[in-house]
């Protein structure tokens, strides 16, 4: 047994060394096959001799049993956000404020990694808990998923009690591989590495997270008691010595001009990095000076985040293609010479509508400027007329639908052209894709390509046909083995139990969004009651406007739609509201029964998180301010809604006041 114990220790040392070389230094000394061989040897030993499995074993990286959900845990110290700077003037004002308070200052400049903030707690040197940022006060416990990240040490080099914070992210090569795999499986692609990292960390099965090859950079320590550091730079050096991965592209500078030089350098070099960054973080380096400056209610006074402007690149417009949405809107899409924008290769971009094409004088063959709106959605910003080649073609939208040949119309007050043929194949397919989407019936495994195959094979002609599919229908399809068929049929069966609001949104009624679907489902509770409702009744409901009311009634009066609903009923698709009615929630008197409007940017939680919490307390969250509004919660840059609330004398809370009230209830 002594020999076996010695071999286990040797395997630990080798696997930890090879893992560090591969994931942290990006300089492996052995091939993947050698690492895999040693890992499987250790797994086998631990299976046969469980007494040799330790909490810091390299086999923990593989992932464990799936969880039912993530627990909510309060942070020992709130994870605050940083104030933002968008230009040189903002940075110089920040510098002036710092110098007025503490005099001469040295800054620490660090890359702002575009990922997900996490907090890691160590007890006696062992990693025991990892949380998401959440709303800054409370995060989700994702410890098992974080253990699969090789850049996070399961055991520190010193037996310290400490909490560190960092940014979990997905390297670009991992992102590309993941999307290639999803494309092969006809699954929805991730828009960017940040979304992919967030989605991977929220997997209930940590084995799936382990396959995603995430990484992390640690950027701060929560308590400096066990550290000899006197500055942020020394703290990062200490973290390196303890086995953490910090970002080495940091710099100490003596003044704001040094900050600007650092920003200029990484603005031009950001694409050379193997991961995405979305800005630069500037901190007062001296820890005593940080303490002297302190915090506001939502951020440290001694730090600021400079946000990069949206990156713009030039490429060639090769062609313009048209797509038809589920409501018949015809949208022009630019076909581009492939170009890298904000870390991903772009070959298609939105042109929105014909008016935009003409207003921006965009012609086929032009050199055009492309950017990603919010670093996510590619769009053509403008053409470059001075580089226009001879023969560049002015684009004109067709007069008839490219899918069904029906005449296109422009409805009064709209800029888009629309196909109004209810039997247009392109619209029907898009409607099917919408029906199975996540916010609708959420049928996992029924992707675009499979739906197109099913439609072309005449196995489905409407959404109800999905619930009539059999194993015999699905097995002959491309890339549909027995396991995928079994999983898909199980997902279809599960979708029958969705609540009424999922079905309403999935039907694709024009103007009826997720929130309005929820409102109608909660109000009428069953589809049968909705079938008898009048337009006059609907417009009386808050959040249901004239357009929505007219559209819903017209849709549900259609005999074909009523036949479709009966067809769904025949397959036992649920048509009853399953949620808890707001009026039935016994929330806190501070919130219960009140109509509340959220406006402006929130920093300590998302608008969606705030809305859900308010609903859980019996409040009704609406989108517009009226005389019936009880409270307006105003975040940063609150605009006309705040002004209207002030004019009506409505009670106004800041985000911090709202958070304080939440904390009072939770205490």
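From the backbone N, Cα and C atoms, a Cβ is placed for every residue, glycine too.
As given in Swiss-Prot:
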- 32, 33, 34, 35, 36, 81, 82, 110, 133, 167, 283, 307: NAD(+) binding site (BINDING)
- 112: active site, N6-AMP-lysine intermediate (ACT_SITE)
- 401, 404, 419, 424: Zn(2+) binding site (BINDING)
- 586-667: domain 'BRCT' (DOMAIN)
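Within the set of recorded positions 112, 401, 404, 419, 424, the entry lying nearest in space to residue 82 (NAD(+) binding site) is 112 (CA atoms). Listed in sequence order, the residues of the same chain lying 6 or more apart from residue 283 (NAD(+) binding site) and placing their CB within less than 8 Å of its CB are 107, 108, 110, 232, 290, 302, 303. Mean pLDDT, taken over the domain 'BRCT' (586-667), works out to 80 on the 0 to 100 scale. Between the CA atoms of residue 133 (NAD(+) binding site) and residue 419 (Zn(2+) binding site) there is a gap of 45 Å, rounded to the nearest whole number. Take the Cα of residue 404 (Zn(2+) binding site) and measure to each of the recorded positions 32, 34, 36, 112: the nearest one is 112. For the pair formed by residue 34 (NAD(+) binding site) and residue 112 (active site, N6-AMP-lysine intermediate), distance between Cα atoms is given as 35 Å, rounded to the nearest Å. Per-class residue totals from DSSP over the domain 'BRCT' (586-667), listed helix then strand then coil: 31 helix, 18 strand, 33 coil. Across the fold, the C-alpha of residue 32 (NAD(+) binding site) and the C-alpha of residue 112 (active site, N6-AMP-lysine intermediate) stand 31 Å from each other.
If you take the Cα of residue 419 (Zn(2+) binding site) and the Cα of the residue listed as 'active site, N6-AMP-lysine intermediate', they are about 45 angstrom apart, rounded to a whole number. A distance of 47 Å separates the Cα atom of residue 424 (Zn(2+) binding site) from that of the residue listed as 'active site, N6-AMP-lysine intermediate'.
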